[in-house]
Amino acid sequence: MMDRRWKIIFLCIMFVGLLVSLPAGVLAGANDEIRIAVGGPHTGFAAEFGAEEFRGVELALQELGGKIAGRPVKLMKTDTKCDASEAVKKFRDSLLRDKVHAFIGPVCGSSGLSIVEWAKDYPDLPILIAYSAPEDVTMRKRQYNVLRPGWTGTQDNYYLGKYVVQEKGWKKIIMIGQDYSFPWGQTHGFIRGFCASGGKKVYKIYHPPNTEDYSSYLLKIRSMAKDYDAVAMNTAGSDAVALFKQFFEFGLDKQIKLFGFTNAFDSTALPTLGDKAIGMISAMHYVEGLEYAKKGMFSKKVIDSWLRFKKAYMAEYGHVPSCPAEQGYVCLMLYARAVEAVGGDIENKKGELLDALHKADMTDAPRGPFVLDDFGHATQNVYIREVQKHDGQLVNVPIKVYRDVTQFTEYVKMKEAYMRQPSASRDYPPGDCSKLCANGLGPYPDGKCPK
Amino acid sequence: MSSTPTKENQGHRRKILYLIVGLIIISLPFWISRFGLALSTQIFFLTILVMSFTFMARHGGLVSLAQVSFFGISGYTLGILSVKAGIPFPYPYLLAIIAPPITAAIFGLIAIRVSAIPFLMITLAFGEIAYGTARHWSSLTNGDNGINNIPDIILFGVSFIAAKEPIRFYYLVLIVFVICFWLMNKINHSSFGLAFLATKQSSSRLEALGYPVFMIKYFAFIISALFAGISGILGTTFEGTINPDSIWFGTIMFMLIAAILGGVNHPLGPLVGVTVSTILERYIEPLTDHYRIVVGIIFLCTILLARQGIMGFLETRPIIQRVRRWFGFE
């Protein structure tokens, strides 16, 4: 038993520590400081995405010399844990406690959806969604103050679906992915493009995140391999590495083709996947090997702005930037340009600032030029990428580019009909193309197809 | 002139103390920051949740992790009925109040048969079922996307929107909290509460005396679910969102830490525990990336130095005992 005096001393230290920490958290900086909260997961399976996002924001601020429109900038990292209610909690804390002027983030899908609801109550507050990809954030539930210089799962994967049918001739696909909203959104876009281009069937297998042993799923795939053309890997992070390795251990590579959705062959995962990954196809609006593309695919300006970012990033952090890093970078640049457009007076010109954000010129973005559409979402290139080896390193290289892709993909002329479709979920849209119309949309209850 | 204080004197002192505490709490919105107000609102509704947990743990010796699931069941009932089914205002709330006790009544038939560790495990399993349902039955619960636009409470034409009317919402939560706190104290001191306490100490002896031990525990479980559900309604309305993660591990950990930090055996334990752990979390996190380590160390110190939590520790301090005597508390 410890001496009673020590007990009291210990508790006193704790109490004093608490008191000391109270004002430190509340202390706001100088009056002209611009405070920006950067929200993303810093713990849990998606922590690397949050870390990359923050690095990108930091790099952008460094390039701007730590100032926007002559005002010093303070970045505040906040951990939203890939949890929708945690995101709301942390965003509210940052707004009320730190009195931030703008938000960058969140990263995870469900967090984006809860934040856009939350944003309704603060219509003057600019929120730049970094990596969160459910299309509803800037579509069915759009808010004028919520902008997304990022992507939607549908935007990127629609063209992957189109590509595998048209160029590869694969019409029956087994999709295996993690069971949460991000992979659901990815599958949603893929099925639309796949079915609209003449695909037949997507068999969906969802596994819980953080699965280590895939043998039961792989056995199932083996038993189905004869009837299907390819397997789509819709998994990310450490799960993707485990699934990829076990796929080869089971010898499935000799029985069926493999390709991936956006994050499956992410630049952070490639070194672990090894040379087996060479030749793997995926699609995204971002590609870290843009400079290795065939000559003539991109203008010099596009390649130059990409290389400038890539070199600066590698000099600072020592590795190839991944997509969330670029997204964070672009978010801060976009905000900085809008703030400069209103002369730095963000306190009094809130409406003008939002307008400026919507109009900001991002034709020199590292990922390739983009503009924001009426809903505040990026209209940009989508790349079909192939893993190649250059200078001894595995990189994704664009082999085909679809330009000026909006979040409505090929439904841009029928926005209203598209938005009447149900949101992406675990079961929607169905994997069986015969249940959808020829254009990839679901029929109305009366059986008629949206036109 | 120092004389021994009379009962009457102490009564006056107590009244003044209650008055001061009451005034501080009621006047809180007028001098605290918006952040502090949001924090206090959260503290009050989370205290109701932790109170429902300590009620089971303190009296029955039953560590029920299912409280968080009851929190979620009422939140999801509210979300599904009001957002997905579009039922107008009072009915989703009424059903959300009764849904957790009904669930507890069904689940309790199985769970109450065991106690101690098996009870903990079975309530954990129940939590897993609730979490799994919320996550995978996406046609009902939206799965991982959660239910996001929970409508506002409008009572007698006055709206209680957490973001726009934080002061009103604070008072709403405060009133509910005071009612719950008062009710909980009443239950604790009733013959039912005492019998429930006795089940922890010796259920066989109680059985021999003719008390229906099973029914006592069973009803206590249902009551605790009611309280957890009320907390769930307030929490869901406050956050405006309910999703699988908010009814699983993070919240369970928070509940356990707050309960142990505050002290399970003291009526004020839940309030103190929730206040301390919420403030710690919110103020340490911006300072360091490794705030979990800091919280962990503080938690460890509490376990090592004050096994009965902060309230239990304070109670045994001579100075606190003197203060208590000065006010004439037992």
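Heads up, the Cβ atoms here are built off N, Cα and C, so glycines get one too.
Because TrEMBL annotations are produced automatically, they should be read as predictions rather than curated entries.
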Quick check on the annotations: TrEMBL lists transmembrane segment for one of B:38-56, B:266-284. Which range is it?
B:38-56
The transmembrane segment (B:16-32): which same-chain residues, six or more beyond its ends, come within Cβ distance under 8 Å?
40, 166-167, 170-171, 174, 327
Of the stretches B:38-56, B:68-87, B:208-234, B:246-264, B:293-314, which racks up the most C-beta pairs under 8 Å with the transmembrane segment (B:93-112)?
B:208-234
Sequence-remote partners of the transmembrane segment (B:68-87) [C-beta within less than 8 Å, at least six residues beyond its ends]:
49, 52, 93, 95-97, 99-100, 103-104, 123, 126-127, 129-131, 134, 140-142, 147-151, 224-225, 228-233, 235-237, 242, 246-248, 251-252, 255
Please check if the transmembrane segment (B:208-234) comes into contact with the transmembrane segment (B:293-314), where contact means 3 or more CB pairs closer than 8 Å and the residues in each pair are separated by 6 or more positions.
no
